[in-house]
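All remarks here apply to the structure that follows.
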Amino acid sequence: MMACLSCFVVHGFELNPAIYAPEPSYSSLVSFDSFVLLRKFQIEVLQPLPGSSAALCCVVLVTIFNRKPQSFKESFMGMNKTIVWFRRDLRIEDNPALAAAAREGSVFPVYIWCPKDEGQFYPGRVSRWWLGHSLAQLDNSLKSLGAELVLIKTDSTLEALLECANAIQATNVVFNHLYDPVSLVRDHNIKEKLVEHGIGVQSYNGDLLFEPWNIYDESGHAFTAFAPFWNKCLQMQMQALSSIPSCQLILAEGKVGKCSIEELGLEDESEKSSNALLGRAWCPGWNKTEKALREFFEQHLLHYSKNRLKIGGDSTSLLSPYIHFGELSVRKVFQLARAKQILWANEGNNAGEESVTLFLRAIGLREYSRYLCFNFPFTLEKPLLGNLTYFPWETDPDKFKAWRQGRTGYPLVDAGMRELWATGWIHNKIRVIVSSFAVKMLLIPWRWGMKYFWDTLLDADLESDILGWQYISGCLPDGHKLERLDDPAIHGAKFDPEGEYVRQWLPELARMPAEWIHHPWNAPLTVLRASGVELGQNYPKPIIDIDVAREQLTEAIFKMWENEAASKGSGSEGRHEVVDESENLAIPKVFLKDKAPPANSSSNDQKVPTLHQPQNDPPHRKRLKCSAEINHKQNSSQNLSKDTGVSIIDQEISSTAESSCRRQSSSTYSFSVPEQCSSSSNMRCSWQDQLDMETSSSKDGKYNYICKGLRSSLRTFSTLLNVFT
């Protein structure tokens, strides 16, 4: 063996057999394909002595690889040094960016915490708690593979990346795509600057089943309704999963100013006592996802169709925060569910097959939320249906405060809001009920509610929150009808018939009989006294009567039509509006098909959509309703609240794809935002004139939930004329 070792020369280094004699623990490696391993490590073996085996060579070289200094290891892997920029992809398994970097050479995993970049969408307390624990688990996993996660707190993400690149002499930066408007603009700017510094940039799909620019209708345009979008997705071939790196990662060495998780400042001292309770119900981290996934698939998926609307108990998957933070690959979840669906279909298990279909639909809603945000980035601030721009929302801080604190006088709504504040989580059916109450009963702007969900939900997800709130507010072509108003008392009797959920979160109503618990204002005085309830004292009276709320909603709809007509009459309507196709109204087209990528682009990298307006056909105008139509709508709106039927999207829409119930050659110019059109262009978009018309306020109750820092960027998006790659 010693003689055999002495004749190996690796990249000019003569091996000392006294140092590199293999240890017994490597005896299991003799079955490896040594020639593949040698070629992968770029090792040259010169004139081995007769009788020396390839397996022995492999054992020796693996021993060398794991025992030599880091700089020597890097010589095996070539000169590529890649920064892996982690964001919402905090996992090892099925991480395309990490897998690509590991194949090319040494890696430098980094997570950059930049509160300035977060702006108004700075994560809430419970989200930051989860993030801290998730980062710790990811770091442990990377260390087991020979690397570590470098944590950096900074005021500039770009400067932090450049510092890392200079420290390790990086040749590339890789990351997985994000699709919200905030991240799109930031990523574009960072890519441009890195390229200017001679650093290659590659980005990958680690968050979706399909890239949003690859899904379009027969005419090549983006979908504006969920059902046809999801049907198209189910017909497409999905990208294969990326495996965990099969060997030790090679850490690129360099001195960078890094910090600990505590030094990131994700958790204040005042928050620690509240956060301690979260650890009893949740176990963050990518290595904990397997247990949560297995538990759901083995114990709950079969009866998902029957139990998913139960607002108490473990009736949903509990996977939403894992998916949001990227600890769990949505592709993995989808493939496992499809396998179950095929198995149960072959067995004739109709209940199981239906359950999987509904569960996959919930995943589809998450996909659709990112699809809408990418193709219609103005939905961060503006409704998808353009006429909703004219809706007269009531910016009443007192009503908003009562809703947030669970003091509306409607028990099911109040129980949901108090659970949200206490735990950072509510069942997705409760999310629908409380959000519908805010926008339809109190006429609170949907953006206010969306921002509050972002601040308080453990699984807060910007794209899914946008979809959920726009759906409830009647801002989507296939969402709730604007005039629909559901009675919370009826919903309470349907989804919490015994009142157990209300009693859990409203102790002041703990002794109320189930007959009256969802509408205590109708209870006889003797019942109230026996239950210890004093309306207006220890529990509030209803903040608004249901009939009054219905009248106010109808009046607001009339006012919206008047405002729209006045705007068009004054000639200020020269904008693209996304409106219901069933009314033959103009829709701005986002054209995705047949856009050949430039020579310097890759199919891996991010693209940008384009608005498309036919040149010859003038846009249709929204027809004013005649008095007969108005009377018909007024009558139908009074009847809608009595209908307790729930649509399939109603049952599943939530802040996240699937809520829990407890609680490759890539281009360096992969993503471009085109310059704004000249002022002579007649392509003006419906959100462009309204960005400065939102109600702002101060700490004493008024709220400005508008992403002002994005205004110029959104205006850029509003004038997109080409698909760039």
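We count from 1, first residue shown onward.
Note: Cβ is positioned from N, Cα and C throughout, glycine not excepted.
What TrEMBL says about this protein:
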BINDING   TYR304, THR316, SER317, LEU318, LEU319, SER320, PHE359, ASP459, ALA460, ASP461  FAD binding site
COMPBIAS  599-615  compositional bias 'Polar residues'
DOMAIN    80-209  domain 'Photolyase/cryptochrome alpha/beta'
REGION    594-622  region 'Disordered'
SITE      TRP393  site 'Electron transfer via tryptophanyl radical'
SITE      TRP446  site 'Electron transfer via tryptophanyl radical'
SITE      TRP469  site 'Electron transfer via tryptophanyl radical'
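Taking Cβ-Cβ distances under 8 Å and a sequence gap of 6 or more within the same chain, the neighbours of TRP469 (site 'Electron transfer via tryptophanyl radical') are SER435, VAL439, TRP446, ARG447, GLY449, MET450, PHE453, CYS475. Here TRP393 (site 'Electron transfer via tryptophanyl radical') is positioned 34 angstrom away from LEU319 (FAD binding site), judged by their C-alpha atoms. Between TRP393 (site 'Electron transfer via tryptophanyl radical') and ALA460 (FAD binding site), the C-alpha separation comes to 24 Å. Within the domain 'Photolyase/cryptochrome alpha/beta' (80-209), the DSSP-based counts of helix, strand and coil residues read 64 helix, 28 strand, 38 coil. The C-beta environment of TYR304 (FAD binding site), restricted to residues of the same chain at least 6 apart in sequence and closer than 8 Å, consists of THR316, SER317, SER355, VAL356, LEU358, PHE359. For the FAD site, whose binding residues are given in the record as TYR304, THR316, SER317, LEU318, LEU319, SER320, PHE359, ASP459, ALA460, ASP461, the maximum C-alpha distance rounds to 23 Å. All protein chains included, TRP446 (site 'Electron transfer via tryptophanyl radical') registers 25 other Cβ atoms within 10 Å of its own Cβ. Regional average pLDDT for the domain 'Photolyase/cryptochrome alpha/beta' (80-209) in the model is 93.
Of all the recorded positions listed here (PHE359, TRP393), it is TRP393 whose C-beta has the fewest other C-beta atoms within 10 angstroms.
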